[in-house]
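Engineer: According to Swiss-Prot, the protein has these features:
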- 1-37: region 'PEST-like' (REGION)
- Gly45, Lys46, Gly47, Gly48, Ile49, Gly50, Lys51, Ser52: ATP binding site (BINDING)
- Cys132, Cys166: [4Fe-4S] cluster binding site (BINDING)
- Arg135: ADP-ribosylarginine (MOD_RES)
Amino acid sequence: MGRNSQGFLTTIRIIVTSATDQPSNFIHSLSNKRESTMRQIAFYGKGGIGKSTTSQNTIAALAETNRIMIVGCDPKADSTRLMLHTKAQTTILHLAAERGTVEDIELEEVLLEGYQGVKCVESGGPEPGVGCAGRGIITAINFLEEEGAYEDLDFVSYDVLGDVVCGGFAMPIREGKAQEIYIVTSGEMMAMYAANNIARGILKYAHTGGVRLGGLICNSRNVNCEAELIEELARRLGTQMIHFVPRSKQVQEAELRRMTVIEYSPDHPQAQEYRELSRKIENNTNLVIPTPITMEELEELLVDFGILGGEDEYEKALQADKAATKA
């Protein structure tokens, strides 16, 4: 073998040695970042169920190891307040209304950096009784895409009102923006009713947009047999209860300070619950097309678990009311 060949082998040895001198976790980290693709998830749920609180605490935990942007898609504009420690963020729709067009908005005016470097945006909504709140979502997402806000991210999280899945609120589902939907619910009838309706919306667009249901998150209201009830609802919807979040006063303590539990009390057991939920979402591969149930099936489920009374109990209650009225 000639000198040139020996020099070539020496060069190879230097390159290999340089690579192996790096810590294995450094190489693994670089490899993961190269191979990773941005995941777009969405949290849907009935108004008042604790959707925004649950999503922000989960994202705060997820942000410990990932680059994330939150896009608030609720007219209340409360999807980012715990990340930013503020009452409400200026919304895209509000600025667009002030200036007459979204084209006069600068990205820095509506995209703020919060806890753990999470990027925060609120789509906003119109004045009560005027226009469609869902249009704010469409305007916001189009604006963010055009301005390059989706670059260099591991996750985008949409926080969406879910009492009704109308055209505007279904936009992240319909247009395939969010590929994974997580429904925040509880053992209360209306929360479960909303969850089933959201599952219907996912089913409608699953074959055209590729959206899938990632699971139900039970944000506990201390209803009897709540975990078992939501597990059964999840089974009937063809999905999983991905996590049961216990009720804790620590959540309210943190909210009073406009903080997530992850930031306010990172070592508290409730913070560990959100970390566990974030870990399950990060590793989740159980993404399904849901199988919504009928209203009759939902009521039967609630009767079986003692949340609703059966027909006999209903009639007895009516008779008792009549007797009390006569007396």
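The backbone N, Cα and C atoms fix where each Cβ goes, glycine too.
Situate these features within the shown structure.
Structural biologist: Regional average pLDDT for the region 'PEST-like' (1-37) in the model is 43.
Gly50 (ATP binding site) has a Cβ environment of 21 other Cβ atoms inside 10 Å. Secondary structure from DSSP puts Gly50 (ATP binding site) in coil.
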Engineer: Name, in the order they occur in the sequence, the residues of the same chain whose CB lies under 8 A from the CB of Gly45 (ATP binding site) and which sit 6 or more residues away.
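Structural biologist: Once residues fewer than 6 apart are set aside, Gly45 (ATP binding site) is near Lys51, Thr54, Gly162, Ile183, Val184, Thr185, Ala191, Ala194, Ala195, Ile198, Asn219.
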